[in-house]
Structure formats: C-alpha cells, structure tokens
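Enquirer: Feature list, courtesy of Swiss-Prot:
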| type | residues | note |
| --- | --- | --- |
| DOMAIN | 1-54 | domain 'ClpX-type ZB' |
| BINDING | C13, C16, C35, C38 | Zn(2+) binding site |
| BINDING | P118, T119, G120, V121, G122, K123, T124, L125 | ATP binding site |
Amino acid sequence: MFKLNDEKGRLKCSFCGKTQEQVKKLVAGPGVYICDECIELCNEIIEEELNDDSDMGFSEIPKPQEIYEILNDYIIGQEEAKKALSVAVYNHYKRVNNEAKKKDDVEIQKSNILLLGPTGVGKTLLAQTLAKILNVPFAMADATSLTEAGYVGEDVENILLKLIQSADYDVEKAEKGIVYIDEIDKVARKTDNPSITRDVSGEGVQQALLRILEGTKASVPPQGGRKHPHQEFIQIDTTNILFICGGAFDGIDKIIQNRIGKKGLGFGAEVQSAKDEGIGEILSKVLPQDLLKFGLIPEFVGRIPVISSLDALDEDALVRILVEPKNALVKQYQKLFEIDGVELEMQEDALRAIAREAIERNTGARGLRAIVEEHLNDIMYDLPSMDDVNKCIITEEVIEKDERPMLVKDNQGEKKHESA
C-alpha cells in the first residue's frame, strides 16, 4: 500500500511521490493526496483527448450520395438543389478537415451557398436537415431584421450569437456550424443610382455581412443587442462556418428572361416564349450578373459562389410532401389521433384538395400544416370525448365544403356520416 508520508513524516503526492515541500499544493482525498503538477498533467491529457474527439467529428464526412439519400428522406423533389448542396457541404467539411491538418500550403477557399426559390419550397428545411445530418450547430436569421452597425435593428454579429447559443456556448463547436440567412433578397440595393440617403438595411447590411461570410474573428456581445465599449465579447472565427443564404428574389426571373431573350434574336434563332418556361426552369439559368442587376453588390456575390435554384411545388409534389417524408404531416396527425385510440385516414382526394388550397394561398409546403389544422380543428375538439369512435375518415368534402368527417364507431363497425 502506498504511504501518504515519507520517513520524516512529510506528506507526499500519491501519484508522483513528490513531498509537500517540492510542490505548490497538495489536495487531500479519502486516503490519497494529489499535487498541483499532477492535476495540471491530468488536465492536459483530458484536453488532448477532447481535442482528438472534436477532430474525429469530421473524420467520417458523409459522401455526397449519402447526404443526398438522407435529404431524400425528408425533402420531396428539388433533385438538382439537393445534389448541389450535397457536393457543396461535402467539399466544405473536407476543407475544414484539411485546414485542421495543414499538411501543405494550398489554402482552399470557402464556398458559401445561395438558394433561390419561391416561398415554401424547402429552402429552410434543406439547411436544417444538412445541419442535422452532420450533427453541427445550426442557427437561422432573417435578413430583414438586420441593419448596418449604429442604426436601429440587429447587428450582423447577433447571427453568430444564435449559433453560439445553439452550440451551448461551445465556441469551438460553433466555429464548425451552419448559418441560414433567410430573405437575403430583401437586402438588395433599392436602386442602381447612389443616393444621398444611406441604405442602412440594404447595401449597408451586405457590406456588414461580407466580413463574416468570408472569414474573420468577430466580437460577439454575449447578451446580444448593441455593442458598447465597456462590455466583454465572445471571440469567434467564422472561417469554417458555412453560410447558406436563401430568398425568393421576386422579379429576378424577368432579369434572366431579358438576358436570355437577347440571344434569341436573328434569323434561324429558336423562338421560345417566356411563358413556356416555369419559374423554376428560369431560375435555374441564373448567373452572377443577374444577381448584380437585382441589387446584390459584386463583393457579396463573390462570397457566395454556389448558386442553386428550387422549383415551385405543384399539386403532385405537395401531395407527396403530405405523406412521404419520414416526418410527413399526415403521419404526425395520424400519431396524434392514435394517442386518442382513433385511426385517421386521409383519402387521396382530400390530400389533393389540401394541396390545391396551398397553391391558391401561395404558401407552398409551409402553409400545409395551417390548412390541415384549420379543417381538423373541430373534430380534434370532439374526438377525445367520444369513446365509441375508432376511425376518422377525411374526404374531399371535409376540406372543400367544411363537412364533418366520416366516423366509424366500435359498436356498429360501419361508416356513419356525422352531420354538423
């Protein structure tokens, strides 16, 4: 058994054997002593192991095809956008690994991503799902709330605070996260002509975003809000943070059509009406010069080299979104009904009626939940108090004419139509 003191009665460290005179401090435990030097050594060993673990987080980056397949489980359609994002994200985290190893002098520059498409087509969901696949912190910001530093509104650094909070204030983890900035088209320059009035929510925000998009050591106020000289800041390096910007870019289709139209002049040119092409097909032809004409500044466009467009969702796509993904809306409501002991059946014509209503409202997939909730609210109010019902059938009439659903009762085993 290890002795706690030497022949002269002096206390000594149970690990390295140094006496109390040879070290600064001895910490006592039940039948054991440890010196400050051994504590420091233990801390270094633990820190090394933690660093190794954090490096291992990206040692097995999913390949583009694997990322694509996982995205397919959650997102219907948008094949080209999913492919482009899978490659871009794979290359980004390969670059992060390469930077960590620093085996050569070749510096791979970061490729941030721009997603174009109408509202409700899956831009936000794509970014969220990517962060989930890679198990990295994720933060979302709305570009419309941002203003240039010194003006009323949010500073761009507050975006980074959301990411740090998502990483439970682990800055090192946050530095490998993903940030999605929505409605980036709303910070386009209001006019091509310079004005006496400062554009603090347009070009000013683009200028403020440049630094964090490219990579900088940013000072973030830990409580958010505006900076002031006497507060402490969290320092975060944005070099390895992947920024995904999204926007509807209303009107850019006309800019693209004007550019393409000029090439269709002359004898023998193929004449094609702009009306023959859908919005998704037009957006797929976007070039950086179109973004410049729309109002993004050249430096900003240069920081987002990966540009991908998303298609508007038609009736068939919306029906698939209702039933096919792992967390599909219909599956969620079936689970809610199942908890009350009731089977929920949504007929095909009812699903198509929901999809048509979403198209009429111009809300895309984002509006599907509100429509379903609106039409199922009354029956979800009544069912918990109806002990004899085991099945609820939603028909087209329930959606289009606000009729009551068809209920199957335990004691009769046949369909009964409930009148209002």
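Cβ atoms here come from the backbone N, Cα and C positions, even for glycine.
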Enquirer: Using C-alpha atoms, which one of the binding-site residues G120, V121, L125 comes nearest to C16 (Zn(2+) binding site)?
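Expert: That would be L125, nearest by Cα distance.
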Enquirer: I want to verify one value. Collapsing DSSP to three states, which class is L125 (ATP binding site)?
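Expert: Note: L125 (ATP binding site) is helical by DSSP.
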Enquirer: Counting across all protein chains shown, how many other Cβ atoms sit within 10 Å of the Cβ of C35 (Zn(2+) binding site)?
Expert: 24
Enquirer: If you take the centroid of the Cβ atoms of C13, C16, C35, C38, the listed Zn(2+) site, which other residues of that chain have their Cβ within 8 Å of it?
Expert: S14, F15, G17, K18, V23, L26, Y33, I34, D36, E37, I39
Enquirer: In the same chain, which residues outside the set P118, T119, G120, V121, G122, K123, T124, L125 have their CB within 8 A of the centroid of the CB atoms that define the ATP site?
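Expert: Those within range, site residues removed, are G117, G246, L310, G364, A365, R366.
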Enquirer: Listing them in sequence order, which of the binding-site residues C13, C35, C38 have their Cα within 10 Å of that of V121 (ATP binding site)?
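Expert: Of everything listed, nothing lies within 10 Å of V121 (ATP binding site) (Cα to Cα).
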Enquirer: According to DSSP, which kind of secondary structure is C38 (Zn(2+) binding site) found in, if we only use helix, strand and coil?
Expert: helix
Enquirer: Quiz question: given the binding-site residues P118, V121, L125, which has the greatest number of C-beta atoms lying within 10 angstroms of its own C-beta?
Expert: V121
Enquirer: Sort out the sequence-distant neighbours of C13 (Zn(2+) binding site) for me: same chain, 6+ apart, CB within less than 8 Å of its CB, listed by position.
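Expert: Spatial neighbours, sequence-distant, of C13 (Zn(2+) binding site): V23, L26, Y33, I34, C35, E37, C38.
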Enquirer: Given a separation of at least six residues and a C-beta threshold under 8 Å, show me what packs close to T124 (ATP binding site) in the same chain.
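Expert: Set apart from T124 (ATP binding site) by at least 6 residues yet with Cβ under 8 Å, we have M140, Y180, D182, G246.
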Enquirer: Hey, which of the binding-site residues C16, C38 is the loneliest by Cβ count within 10 Å?
Expert: C16
Enquirer: Mean pLDDT for the domain 'ClpX-type ZB' (1-54), rounded to an integer?
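Expert: Here the mean pLDDT over the domain 'ClpX-type ZB' (1-54) amounts to 79.
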